[in-house]
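Here the structure comes first, spelled out in structure tokens, and everything after it is commentary.
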């Protein structure tokens, strides 16, 4: 049991964690996750893959919105850019999927400059709307640039071999997503402990004050845009592997709102919170559905025409209730629980 | 020229709808700082309730409208009381998230009660043709434009000249000081929701009369969202004008350029305008002090 | 504190382990049951048609079960909601596969069907596409995928041909408003074919975004082009909205539409505007003699509430389910997917209880019921009357 926390050197200050117990837990968790495909059927596995990809996307968005304080409603646009990049490079240009996935990140990051530069003066919801506008323009382009993107026909991706993995098999796709997620988490955590990460937070907390302290707003805001979009683009690229057939219907405004919901529900500015939020938002409809499946047969018979609305209703209410209990998101709930555990029996 | 005027009229009709919803967004944002993602759903709920009132009671429009206004105000106030009030004092993001949850809930509730089919909203007003020079409009389309003008004027007068309107402006400017001056800030939030429900609800009715009342009406809310940003989130009247602009620009670009630009043109205009005025066309410039 | 990796809670959430039961004989077949699956838009704006298709397949299953099932086994229909989103069609199919499913009849809307084709091929799942005909599903032939019904190309082209031959005056001008997705592409395909084969005078096609409801500018544009014939390519309530705008300018139009325009709620919306329009279909309309048997069994099998959800799309769901059940029946005591596919493409006719002529598939031709009849729809009178015989286009 840890009773306190003392940092005695800069090295320790910089380390991800100084506690061997944490490392052990993390290792056990990763091992458990890696074995996950052996335990469950295809459906749960595909849900888990969705969670993983959503978590990567949510981390990306959290870097921009939660950490740097730049609200984005353009998640769908960056996801679409990444997804189409990977899909088209693999399907039409015969790129190896490994490179195509990286390209998704770079294309998305470059695009973020296009939107980032003109958005530098904007704040809050006005920035949100330019990112929203951007995502509409992107999907419009994808739909109408038929020669490049197949337009309304959508893109089909086949023959996916990734570093020896056969991505048409769900378990192998799951491992890839898991690996990318772990890399993303590590990268994000490390970024946050550097000068760049602290600059991001300073901009969020007070941009004028940050500038006074010598942080170039232009440079760091653009950097936040690029880093975030790179990660989101990678998540989009993974979506191409997951669905193998993609079209613009995948990238509607609701995706952007859902992404925002993930980081709010999970906890703004927290990497672990992003993951928790993704888990919550993706699993919520599944949980509700499992719940309605448990209802007595007579009742479901009666509900047969409306069972989908009942599910929607419960999903909405669950979000509301969750926020009523813990307005700071799941990560707040987690911290409270941890504090209670650590200080027991003195905790209140 | 005739064609142009007709495009213009057609854009004004749909723009009036966007404008009304945008006013709803702005009223809530201005007074409480919350972006209400459920505005489209509230609008849809009011439209459905009105549809039931109209078909059950068979009232003339003159009586229906006041009844609807009362019902909408009650709906707005009730939603605020149940879902928003308990969140008072919590982070704004959490409250915005609650409105997203509310949106999901309302969408399902409406289908549960009224079913998934679209139905016509028939009122005695509907179906007549009105010719203004070369422009032809259905009476219900003209009604939408008139409704917009009346509501915009009413909102203007309300905020400018009534005691409670002034109190709302005061709260928007400085909540704590308003509180000290004896303004009941809690009631203000409820009032904002009621007003927003009435204004956007009227848009819902006008739209349902023009097209149909259907369970995908909520989407109008998202379409009106850019309008309110264009006009300035904290400027109800500006947001209304933003709606008109988005409608007209959309129809003109569809008419003269095509290529599905109807949806995109509004966004392009927004990007351009925000480059010049980062706080919207009619929004207030915020002065910052460190 | 730097305990950033403390997200061990995920472990608890993630280990929702459910071990899938290994299939004994064939996927979806147990001692007492055979499961047939649907993935359909049961919610969203397309729920009107998705639910109808679901209940159609339920009627077929109930009918078979009432006669004692299929070689001693009951037919169970399992339906997953995809909310009209292709990605969720994939998820829905995966869910069905996990729980065990023999074959698939509802395959989502157009893009959803396209999205699950790779899985259907990979897993060799017999499927009868009937909800939203998609050419790519059977051209080129996929080993286990079949389709009932003419594509939108044929459905709309049949009407254009009829209008060109019988209705429109010489030199009439043709316009089209279509959605800017895969569905719209198919509708415009028919239009372009008419331009090529019938030599009609076409004006520039107009596209609109999915979800759009106001068509003022679109109609004005076509009015300026002085069109006489309009292909109104709305999915559901868009079509009446186009008619409304057209009626404002008292445009004299012959209109071609897609089959949803014969659904009662859509006809109800179109009624005030005074247009008698055309539609095309490969099955008998509801209320006609061909649908009589279905209507009867539906009354026995569905509750009053559910009957309200029944419409034209129930008929296609019914026919597809009926064929799948018959194919399984012909396989005898131990049905396998391979056998069902073999039976489906055997060339032997399948009876559809009068909804269509008996249908056949062959190994080279996985599509049936492609003959289209042009219908004249009078929404005011509430009537849908065939004006041609079934013919191939």
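Each residue, glycine too, has its Cβ placed from N, Cα and C.
Per TrEMBL, the feature transmembrane segment maps to A:21-39 (among others).
TrEMBL lists A:45-64 (among others) with the feature transmembrane segment.
The transmembrane segment feature in TrEMBL is assigned to A:76-93 (among others).
The annotation transmembrane segment is assigned in TrEMBL to A:99-117 (among others). Sequence-distant contacts of the transmembrane segment (A:99-117) (same chain, six or more residues past either end, CB-CB distance under 8 Å): 74, 77-78, 81-83, 85-86, 89-90, 130-131, 134, 138, 162, 221-222, 225-234, 236-238, 240-241.
Beyond the ends of the transmembrane segment (A:124-145), by six or more residues, the same chain brings 70-78, 80-81, 84, 111, 114-115, 118, 151-152, 248, 251-253, 256 to within a C-beta distance below 8 angstroms of the stretch. The transmembrane segment annotation in TrEMBL covers A:124-145 (among others).
Annotation comment: TrEMBL describes A:173-192 (among others) as transmembrane segment. Residues 16, 30, 33-34, 36-37, 45, 48-49, 52-53, 55-56, 59-60, 62-63, 67, 162, 165, 167, 198, 200-201, 227, 231, 234, 238, 241-242, 271, 275 of the same chain lie 6 or more positions beyond the ends of the transmembrane segment (A:173-192) yet place their CB under 8 Å from a CB of it.
Residues annotated as transmembrane segment in TrEMBL: A:222-241 (among others). Beyond its flanks by at least six residues, the transmembrane segment (A:222-241) meets 52-54, 56-57, 59-61, 63-64, 67-68, 70, 72, 75, 78-87, 90, 97, 100-109, 111-113, 115-117, 119-120, 155, 157, 160, 162, 167, 173, 176-177, 180, 184, 187-188, 191, 196, 200, 203, 250 of its own chain at Cβ-Cβ distances under 8 Å.
Taken from TrEMBL, the feature transmembrane segment applies to A:253-284 (among others).
Sequence-distant contacts of the transmembrane segment (A:76-93) (same chain, six or more residues past either end, CB-CB distance under 8 Å): 57, 60, 99-101, 103-105, 107-108, 111-112, 131, 134-139, 142, 148-149, 155-160, 229, 232-237, 239-241, 246, 248, 250-253, 255-256, 259. Residues 2, 45, 48, 170-171, 174-175, 178, 182 of the same chain sit 6 or more residues outside the transmembrane segment (A:21-39) yet have a Cβ under 8 Å from a Cβ within it.
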